[in-house]
Amino acid sequence: MGRLTMALCWLLLLLLTTQACYITNCPRGGKRDVDDGLGVRPCMFCSFGQCVGPHICCGAGGCEIGTLEASTCHEENENPIPCHVFGDRCLLKHPGNVHGNCVSPGVCCTDDTCSMHVGCL
């Protein structure tokens with residue numbers, strides 16, 4: 001029984017620490033996690049800001065997630081060249097998605113989630 005519990009704990013730890021990339025043509029580390037500056041372009045702009053993920057549009061006034069305005073950001077997935085989200089780096093305390101960008105005052109986002117963050121002021 002002890003070995004099974006230990007194996008399940010290791011499996012859960014492995015699952016929580018891996019970063020999956022579900023966007024087509026993702027480079028190593030994720031589409032928006034490229035820091036070398038080579039072959040990277042700015043992510044496309046949406047109705048009131050910048051696309052952060054396939055369903056996330058953020059600007060100075062906040063973020064829209066899953067709305068009609070943010071649906072244009074899905075086109076970003078069709079481009080094989082990785083893009084760079086403007087904004088300082090921030091850390092989220094979500095399993096698997098720890099590196100994000102400050103995209104709006106008080107908001108830190110990755111390509112699939114956003115969270116309030118005191119470091120993004």
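Backbone N, Cα and C define each Cβ position, glycine as well.
Annotation comment: Swiss-Prot describes 1-20 as signal peptide, evidence class a curator's inference.
The annotation disulfide bond is assigned in Swiss-Prot to Cys21-Cys26 (among others).
What Swiss-Prot lists as 4-hydroxyproline is Pro27.
Residues or ranges marked as glycine amide in Swiss-Prot: Gly29.
The disulfide bond annotation in Swiss-Prot covers Cys43-Cys83 (among others) and is backed by similarity to another entry.
When Cβ atoms from all protein chains are considered, those within 10 Å of Cys46 (disulfide bond) total 22, not counting its own. Per Swiss-Prot, disulfide bond is recorded for Cys46-Cys57 (among others), and the stated evidence type is similarity to another entry.
Sequence annotations record features per position, and here Swiss-Prot assigns disulfide bond to Cys51-Cys73 (among others). Shown in sequence order, Cys43, Met44, Phe45, Cys57, Ala70, Thr72, Cys73, Glu76, Cys83 are the residues of the chain, 6+ apart in sequence, with a C-beta less than 8 angstroms from the C-beta of Cys51 (disulfide bond).
According to Swiss-Prot, the disulfide bond annotation covers Cys58-Cys63 (among others). Following the DSSP three-state reduction, the secondary structure of Cys58 (disulfide bond) is strand.
Just so you know, the Cβ of Cys90 (disulfide bond) picks up 20 other Cβ atoms within 10 Å once every protein chain is counted. Annotation comment: Swiss-Prot describes Cys90-Cys108 (among others) as disulfide bond.
Secondary structure at Cys120 (disulfide bond), taken from DSSP and collapsed to helix, strand or coil, is coil. Residues or ranges marked as disulfide bond by Swiss-Prot: Cys102-Cys120 (among others).
What Swiss-Prot records for Cys109-Cys114 (among others) is disulfide bond, and it gives similarity to another entry as the kind of evidence. Under DSSP, Cys114 (disulfide bond) is assigned to a strand (E or B) in the three-state scheme.
The disulfide-bonded residues near Cys46 (disulfide bond), taking a 10 angstroms Cα-Cα threshold over the set Cys90, Cys102, Cys120, amount to none. Geometry remark: Cys120 (disulfide bond) versus Cys63 (disulfide bond), CA distance 14 Å.
It is 16 Å from the Cα atom of Cys90 (disulfide bond) to that of Cys63 (disulfide bond). For the disulfide-bonded residues shown (Cys43, Cys108), fewest C-beta neighbours within 10 angstroms: Cys43. According to DSSP, Cys43 (disulfide bond) is assigned to coil rather than to any helix or strand.
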